[in-house]
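One structure is given here, and the rest of the page talks about it.
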Amino acid sequence: MIVCKFGGTSVASAAQITKVANIVKSDEKRRIVVVSAPGKRSSDDIKVTDLLIDLADAALANADVESKIETVVNRYKDITAELGLGQDICDVIAADLRERVAGDRSNTELFIDSLKASGEDNNAKVIAAYFSSIGMPARYVSPKDLLIVNDLPERTFAVPEAYERLASLATTEEIIVFPGFFGYTKDGILRTFDRGGSDITGSILASAVDAELYENFTDVDCVFSANPKIVNNPAEIKEITYREMRELSYAGFSVFHDEALMPVFKKGIPVNIKNTNNPSAPGTRVVPTRELTGRPVTGISVDSGFSTLYVSKYLMNREIGFGRKLLQIVEEEGISYEHTPSGLDDISVIMRSNQLTAEKEERIVQRIENELHVDHVYFRHGFSMVVLVGEGMRNSTGLAGRAALAISKLGVNIDMINQGSSEVSLVFGVLQNYEDIILKALYEEFFTAVPV
Ligand SMILES: Nc1ncnc2c1ncn2[C@@H]1O[C@H](COP(=O)(O)OP(=O)(O)O)[C@@H](O)[C@H]1O
Ligand SMILES: N[C@@H](CC(=O)OP(=O)(O)O)C(=O)O
């Protein structure tokens with residue numbers, strides 16, 4: 001059995017959904033179909049998920065919501081009319097949105113989650129109805145009582161019981177159409193995953209039914225060695241290990257969610273990233289191990305929006321427990337960190353800026369001053385991380401030097417270098433706004449200038 005997930009771009013319009021039906025029909029092993037909410041139809045379009053967030057914000061601000069509900073319903077109307085489905089389904093969608101808008105607002109996060117999830121939930125209903133209407137018996141299945149997830153902070157992980165319950169989907173007659181992006185806690189509370197999280201749903205389902213393959217359909221032929229929106233015509237990646245993919249997804253390869261690998265990884269189920277618009281292209285296979293041939297670097301990624309907490313204290317290296325106490329303060333503010341490059345007398349804690357607020361920063365700085373009696377402590381913002389990833393990097397010498405030289409030739413200062421302990425990744429922290437030119441220069445260095 002194959003579990004296939006279709007991303008927002010693959011289900012953004014009737015024309016796209018028709019392609020999805022043809023892909024599912026063309027291989028009888030494709031029995032479970034996970035769908036996203038309608039995504040962008042063109043570069044200046046708005047994803048339904050963003051329309052829903054906007055709607056939820058308006059409702060919370062007690063602003064007018066009717067026109068926003070209409071905008072969302074109109075997206076489905078366009079789709080259903082062209083697919084030849086009746087008007088009823090859109091009436092049901094409109095009623096569903098009104099019910100969610102009228103729901104409990106005491107916890108704003110849960111209220112927003114409920115609205116956000118409706119994008120995939122209603123799309124799954126539309127797609128199941130369409131499949132059935134063209135003679136492909138299909139059934140919408142709700143994640144309720146099946147996809148049971150932990151609550152924060154680990155809400156993207158399904159509990160063991162969820163896998164047992166979802167396994168029952170392996171034996172159903174019809175094609176299952178399952179909405180991506182959300183699950184329910186043991187207490188029945190709806191929780192959405194992070195943005196792009198329908199990939200996670202597909203992976204959980206693939207694992208639960210012991211699929212032979214998890215296909216992830218998107219709008220590009222494969223995973224490229226660098227973001228194709230920045231680097232012109234980047235090299236295609238035919239095969240990539242779970243570890244490489246995880247590092248690259250986390251660092252900005254938005255084509256596949258970085259948290260989506262664990263469920264399939266545990267069972268050794270391969271992932272194939274393919275193009276809905278060109279399904280005969282082989283795509284990229286994500287596999288447990290691969291033969292190391294060719295270039296040491298598999299991909300280069302850039303991601304912005306990082307801050308550093310810089311701390312210095314004379315003789316820090318001699319003070320037992322200093323690092324633990326520092327990280328505990330960070331932890332107690334609910335912040336996760338990415339890297340902790342350090343010297344004898346100083347350490348930086350690098351984190352995603354979106355976790356910080358002015359109050360949090362002030363509290364952290366004060367606690368560090370009062371409890372750790374440091375010489376200097378301050379936050380700096382506006383950093384990007386440039387990440388080189390490749391299993392072959394472990395056996396390759398001089399790579400960090402080559403990368404650093406390529407960056408320095410651009411006149412850009414490197415604020416931080418971190419080689420992951422596994423040696424499959426090398427991270428450079430630089431000031432934001434240079435990431436595109438750095439990516440191009442590193443691509444030139446490792447992919448264009450070097451013969452394979
Ligand atoms: N290295 C990369 N390889 C392929 N696509 C990438 C890469 N980095 C970023 N992307 C972008 O990811 C997009 C696909 O992801 P996304 O928009 O989330 O699709 P979907 O709607 O199918 O979930 C591509 O259109 C591409 O612009
Ligand atoms: N619709 C959600 C979840 C998702 O996975 O979407 P997409 O497949 O379009 O990346 C989002 O926009 O985040």
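Note: Cβ is positioned from N, Cα and C throughout, glycine not excepted.
TrEMBL has this to say about the protein:
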| type | residues | note |
| --- | --- | --- |
| BINDING | Lys5, Phe6, Gly7, Gly8, Thr218, Asp219 | ATP binding site |
| BINDING | Thr49, Glu120 | substrate binding site |
| DOMAIN | 388-452 | domain 'ACT' |
PLDDT averaged over every residue in the domain 'ACT' (388-452): 87
Site with most surrounding Cβ atoms, counting all protein chains shown within 10 Å, from the binding-site residues Glu120, Asp219: Glu120
DSSP-derived class (H/G/I helix, E/B strand, else coil) of Gly7 (ATP binding site): coil
Residue pair Lys5 (ATP binding site), Thr49 (substrate binding site) - Cα distance, angstrom, rounded: 17
Cβ-centroid neighbourhood (8 Å) of the ATP site, Lys5, Phe6, Gly7, Gly8, Thr218, Asp219 excluded: Thr9, Ser10, Val11, Ser36, Gly39, Ser198, Asn216, Phe217, Thr276
Length of the line joining the Cα atoms of Thr49 (substrate binding site) and Gly8 (ATP binding site), in Å: 9
Site diameter for ATP, Å, by largest Cα distance between Lys5, Phe6, Gly7, Gly8, Thr218, Asp219: 12
Annotated binding-site residues Lys5, Gly8, Thr49, Asp219, filtered by Cβ under 6 Å to ligand 2: Gly8, Thr49
Secondary structure of Thr218 (ATP binding site) (DSSP, helix/strand/coil): strand
Binding-site residues near ligand 1 among Phe6, Gly7, Gly8, Glu120, Thr218 (Cβ under 6 Å): Gly7, Gly8, Thr218
The domain 'ACT' (388-452): DSSP-derived helix, strand, coil residue counts: 29 helix, 15 strand, 21 coil
Proximal but sequence-remote residues of the same chain as Phe6 (ATP binding site) (Cβ under 8 Å, at least 6 apart): Val20, Val33, Val34, Val35, Ser36, Phe217, Thr276
Euclidean distance between Cα atoms of Glu120 (substrate binding site) and Thr218 (ATP binding site), Å: 16
